[in-house]
Amino acid sequence: MTNIXXSHPLVKIMNNAFIDLPAPSNISSWWNFGSLLGICLILQILTGLFLAMHYTSDTMTAFSSITHICRDVNYGWMIRYIHANGASMFFICLYMHVGRGLYYGSYTFMETWNIGVILLFTVMATAFMGYVLPWGQMSFWGATVITNLLSAIPYIGTNLVEWIWGGFSVDKATLTRFFAFHFILPFIIMALAMIHLLFLHETGSNNPTGISSDADKIPFHPYYTIKDILGALLLTLALMLLVLFTPDLLGDPDNYTPANPLNTPPHIKPEWYFLFAYAILRSIPNKLGGVLALVLSILILTLMPLLHMSKQRSMMFRPFSQCLFWILTADLLTLTWIGGQPVEHPYIIIGQLASITYFLLILVLMPMTSMIENNLLKW
């Protein structure tokens, strides 16, 4: 009798992806985030499903339905907070995963990388629409501000915004369609993640050295299954600490006030994981320019393979590039801080400098440093 692992069509796919997959022997904990993202996605889909059972996507009852979930549904408060804070964990893992890809030159797997960028955009869109659903003040005004940005598109902008709204302002139609999109997108993300994995398994994983590891492979199971389980436990620990002790730490108090179109909150700001992009958007005084900078701040990732000038793939043996990478990290943290601050002196100029630094580092300084390092290799 042939082994089911090698004969059954479905089991064979699972086996080749998670059990007998040849993996480099030296991949570090930075390679854990892929599996953690998968866990986050499954967790978000499950908690989201149970929330959708009790949620109503109507402007009159949306806010009350969230209150009902938290007060009356068995463990509803827990499901709601796991979903809200699960989104934060999702983005922490996402940014770590992308940062790992940048540091170790994983972007040279072009298909995998580009699908990853599409995934990033899709997850961001999903999170934005999810934030609108509780229909609090920040939900309503966040939706108004961000959808309004599309009106900066020449000629079709205004029509496009009204088409997305389903009216002349963010209202009942907007909330209903956002709920529909928020429900469907995670399944699209799941399909994209499978394609992401498919392309990755065509080439095999990268490793910290950036050198081919074909000569030194080990089976994924048990070595990396146990490692992923450890990562999952740590993720669960971090998430449950947030959920059970400080569930509202990362949220906005304004969202506990029902949406009121007649009363604008003093500081409109998105969730923390969008603040860096929001800071870049605000740092340009022109509406269209700001929108372009906002989109380019993420889209610039697709240029990474073209901007790679080094003879080495990874930054492991490139100390100058490492310095710039960590400056970029600090710059993104600075932008995140600025995005949460009011638009006044000195925050405006700090935000503008941080935004310029962001694009300068990626487009000019890092490629130039790579070329200098190439010349140093000749010594």
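Every residue, even glycine, has its Cβ placed from backbone N, Cα and C.
According to Swiss-Prot, the features are:
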type	residues	note
TRANSMEM	33-53	transmembrane segment
TRANSMEM	77-98	transmembrane segment
BINDING	H83, H182	heme b b562 binding site
BINDING	H97, H196	heme b b566 binding site
TRANSMEM	113-133	transmembrane segment
TRANSMEM	178-198	transmembrane segment
BINDING	H201	ubiquinone binding site
TRANSMEM	226-246	transmembrane segment
TRANSMEM	288-308	transmembrane segment
TRANSMEM	320-340	transmembrane segment
TRANSMEM	347-367	transmembrane segment
Sort out the sequence-distant neighbours of H97 (heme b b566 binding site) for me: same chain, 6+ apart, CB within less than 8 Å of its CB, listed by position.
-> F33, G34, L37
Are there three or more C-beta pairs under 8 angstroms joining the transmembrane segment (178-198) and the transmembrane segment (33-53), sequence spacing 6 or more?
-> yes
Name, in the order they occur in the sequence, the residues of the same chain whose CB lies under 8 A from the CB of H201 (ubiquinone binding site) and which sit 6 or more residues away.
-> N16, A17, L21
State, in range form, which of 77-98, 113-133, 178-198, 288-308, 347-367 has the highest count of Cβ pairs under 8 Å to the transmembrane segment (226-246).
-> 77-98
Long-range Cβ contacts under 8 Å made by the transmembrane segment (113-133), restricted to residues 6 or more beyond its ends, are 55, 57, 62, 87, 90-91, 94, 98, 101, 106-107, 139-140, 142-143, 146, 174-175, 178-179, 181-182, 185-186, 188-189, 192-193, 195-196, 199, 270-271, 273-274, 298-299, 301-302, 304-305
The transmembrane segment (320-340): which same-chain residues, six or more beyond its ends, come within Cβ distance under 8 Å?
-> 99, 102-103, 269-270, 272, 274-280, 282, 310, 347, 350-351, 354-355, 357-358, 361-362, 365-366, 369-370, 372-373
Here the Cα-Cα span from H182 (heme b b562 binding site) to H196 (heme b b566 binding site), rounded to a whole number of angstrom, reaches 21
Compute the C-alpha separation of H83 (heme b b562 binding site) from H196 (heme b b566 binding site), stating it in Å without decimals.
-> 24
